[in-house]
């Protein structure tokens, strides 16, 4: 009708497809508040999600972008997601998740089937000789002895880690991939979806005709018609042999999982900011296989696994040129930790790391952070203030023990209190109760405090002489400390005199010798009677034994002079 406004032929609900990237993983509604947590394990216990603005029966592809749980509930969506992970060489994650789903459906009474399926899952995904190993942290490692008593929920923690990894890492890239955009376009145009795996990832409609070439012309090496390439290709667009595919899947998967699949612990407290860098590793690998995605991100560096004091973990990018202190500053600030009160250790090592060295030494390493409680201690008898650092689990008496032993005191001879207060503090309290405070240590009347013999920086701070404290706070070297010797040896040795040393060398070179009697001359050297030969007289002074006996004072005199000089 001329007077009737025209209506665009867009069915109700199509406009919701134009959403931003941030809206793909966030939903609204009272029922969808728990979807983004990634704590669901089984597809049968996944939440139903929020009420969709469009019917999911008519538009299943659009509903995949609502949440990762909705994608797993759709068999077709799960198949396309599996095909997407194959291109990223991480299909073993979803395969392991589906195997755990089937394993949980086995009745607990069927012990024979449980034992058989548990061994199959363990040997394929979890053992050290697994063909398709999944990347889980050490806390979730399982030994082969657990197979003796199989339970339907024995792989619950491992499945949760892989679920969180796929949700926060792979799913975010899937909803932005050309494969998903192609499915959305086909659904909007009313075309049927092709079977997953029938065409190359991100290819256009399979009905597109092959471009005609002039006689004698051919496509460049590695360029074939889109939609007709095999699922896995080698260099030049040729399909890989099965043996090579298995080798590629073993080596490439192991390398990519170490760098891009950082499922760290069961609490799933991953820093998504770092995982954004990790994803560029697989992006660049897809570019080398002929992917049609956009510009690749800059080449990422290696990563360091950081275990925080609260038991969670995070990934830190070990960028060249940054110190360990700079690398950990962002993580500590985000978690509300004070970096000066943090000690950094390699996992399995009790020696603290120096934070001023380059962070590339921690590439592909695991470190743990331990928090330290610091407070100031004022020694009124010595008129000194020291800074004490101790573990949060230690008590005040344990933290003060090095200071007390250093000055020859016992806990019964001192009183600890806050400035301006007379009420003494209980030495059995934890040091966390006096964090960042200043305390006063007084001695009882009649108790004399002795000055410490050892004035090293470590002991003056009240910390025990441990290797990690020496490595973290190296004592400053002063010129006097380079030549300073213990007080017990000062009376026995003297500083070497340069002029005396030069004179000594000159006398040795001139074949002279000294002892306590002065200069030894040739006329003064007389052999004792038991060394003289019976047939020789006084002329035996010039015999070789004379030279030998004369040479003895040289060595002895030289040694004695050197000892006295040193």
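Including glycine, each Cβ sits where the backbone N, Cα and C put it.
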Run through 42, 260, 450, 510 and tell me the one Swiss-Prot describes as phosphoserine.
42
Can you tell which of 45, 109, 266 Swiss-Prot marks as phosphoserine?
45
Write down the residue from 20, 279, 432 that Swiss-Prot flags as phosphoserine.
20
Going by DSSP assignments with H, G and I as helix and E and B as strand, what are the residue counts for the domain 'RGS' (67-184)?
83 helix, 0 strand, 35 coil
Could you pull the average pLDDT for the region 'Necessary for interaction with RABGEF1' (299-425)?
85
